[in-house]
Amino acid sequence: MLAFIGRRLLVAIPTILLISVFVFLLQQLLPGDPILAMAGEERDPATIEFLREKYGLNDPLPVQYFKWIGGVIQGDLGISLRTNQPVSELLLQKLPVTIQLAVMALIFAVVIGVPAGILSAVKKGTVVDYAANVVALSGLSIPNFWLGIMLILLVSVKWGLLPASGYTPPGEDLVRSITTMLMPAFVLGTALAATLMRHTRSAMLGVLKSDYVRTARAKGLYERRVILRHAFRNALVPIVTLTALLFGELVAGAVLTEQIFTIPGFGKLVVDAVFNRDYAVVQGIVLCTAVGFIVMNLLADAAYFALNPRLRKS
Amino acid sequence: MAHVSDPATADSVLDAKPENRVWKKFRSHRSAMLGVFLVAFFVIIAVAAPILPIQDPTATSWSAVRAAPSAAHPFGTDEIGRDVLSRLIWGAQASLMAGVVSVAIALCFGVPLGIAAGYFGGWTDTVISRCTEALLAAPFLILAIALAAFLGPSLGNAMIAIGLSATPIFIRLTRGQVIAVAAEDYVESAHAIGLPTRKILTRYIFPNVLPPVLVQATLTVATAIIAEASLSFLGLGQQPPAPSWGSMLNTAKNFLNQAPWMALWPGIAIFLVVLGFNLLGDGLRDALDPRET
């Protein structure tokens, strides 16, 4: 198992390096010159030159890249041109907020998606199955930022049940923190629930046809026990790995969700950075999410390994 | 599948042709037909927008600011008195165009690169596949946001950003498909009789790679439309005053209390057109799947 993970790690390193090259090259696409913006109205040549030297913009590209990646490896993602804060510090500040949102969204997604998938596989071809599929496809087709706006309109504006925006750290007031996050997490969770439901359904359909399920039924076990103990346990393997791969959707969805509910997380940070032309922050975020995705992939592989006894032996 | 229901076309000779079989299967797929209807509806209103009897989508009216739906403005007006219905209809152009153009960009880069990686193997494959993997690691929308941000906000740049972000999906799909097809006997015999590579690629590989790519392209149009709406919602797509569903929602969220209709319709429009493409893609996949015939 360790050897397997080690091998996967080795393969991941060149991928991460390649991503870093892409991310670095992004700034070459930039139309405007952030230094000109920083130099202010007078655009004093000496100031511009000083700033260029300070941020290393006079070096040739490969030198700039190696300087940058050397820093990145040591956790230095550069300095935000806007706030003058280190980018890594900014990211660490915002990360817990987005993680709270993502975890709550994932809970919604699993609680809705997995049972719906099991039910629709067990009742394949019935009204229940059909309805679950329609709901799932709708969930995939609804833009989640619109769903967020509609929920704000209903739940906050019309009924006044939940706050429409903002964020309270859980350490400050746990109950308030959870209630404020409830609606955003639900919005982010629905699209994932739809994907999860489809995966669960197809995994369950595959397992329900297998011999051991037939054997379990032939032994006269209760149907409930057959489905949960024998079938679902085996269907769990693909479901868990696929859940880990939903990470990308989760992060991308968080950008929009945080924008609608004005939650000061990762997604809000990237959007603000984009409008402020704070490209060190944008680069840091793209790099972080890509590395996060690769780590989730590795975890998914590890989970696949751990959950599948046949693989463990070989 | 019951062919008997339609005796006029259930001609055995016609049935033998795979295109006819696929078409028949597709046509009997109820949800796919709903998809066709939805997509066709939006294409028609988008194309017909200039000749429809609607108001100018950018004409402002200070006497009808945020007016509730009425006979004059069936879907109400927005914060500067523009007709929501006509903006919605013109917005269909931006959405559909973004969906189709960005997928076309992804296909133009993705399919040739995928064929090259799958067919030539070796170093070509290693380089292309490694780059694809790296690009796939960055979430689709984050990549599109970053690209749109660095390229500058406009509908054209949003399409480029979405297209480039979707390219790796097509590279990977095409590559896998080519590897499977290249191992088939008929390709090997084409090699054996000494056909040039170009001929093998265009005559044998490409047509067999096409069906799954077509399915994926249809589903990606749906994703691309949502992505364009998301970018426009963030202010990185279509720029005002030109109408786009995403930017309409962006403004609408500031007037939820006073003018909820501004937020309702653009969302429903996005939902329906995306649902249409998703149903169409699912239907195509079922119809083109040879295992289920």
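Cβ coordinates come from backbone N, Cα and C, glycine included.
What TrEMBL records for this protein:
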| type | residues | note |
| --- | --- | --- |
| DOMAIN | A:95-300 | domain 'ABC transmembrane type-1' |
| TRANSMEM | A:9-30 | transmembrane segment |
| TRANSMEM | A:99-122 | transmembrane segment |
| TRANSMEM | A:134-157 | transmembrane segment |
| TRANSMEM | A:177-196 | transmembrane segment |
| TRANSMEM | A:235-261 | transmembrane segment |
| TRANSMEM | A:281-307 | transmembrane segment |
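Remote same-chain partners of the transmembrane segment (A:177-196), defined as residues 6 or more beyond its termini with a Cβ less than 8 Å from a stretch Cβ, comprise 100-102, 104-110, 112-114, 116-117, 135-140, 142, 144, 147-148, 151-152, 155-156, 162-164, 166-170, 239, 242-243, 246, 249-250, 253-254, 257-258, 260-261, 263. Note on the transmembrane segment (A:235-261): residues 97-98, 101-102, 105-106, 109-110, 114, 117, 144-145, 148-149, 152, 164-166, 183-184, 187-188, 191-192, 195-196, 199-200, 203-204, 206-207, 267-268, 270-271, 289, 292-293, 296-297, 299-301, 303-304, 307-308 of its chain, located 6 or more positions outside it, place their CB under 8 angstroms from a CB of the stretch.
For the transmembrane segment (A:9-30), the list of distant contacts is 61, 64-65, 68-69, 72, 277, 279, 282-283, 286-287, 290-291, 294, 297-298: same-chain residues at least six beyond its ends, Cβ to Cβ under 8 Å.
Residues 116, 163-165, 183-184, 186-188, 190-191, 193-195, 197-198, 253, 256-257, 259-261 of the same chain, all 6+ positions outside the transmembrane segment (A:134-157), place their C-beta atoms under 8 angstroms from a C-beta of that stretch.
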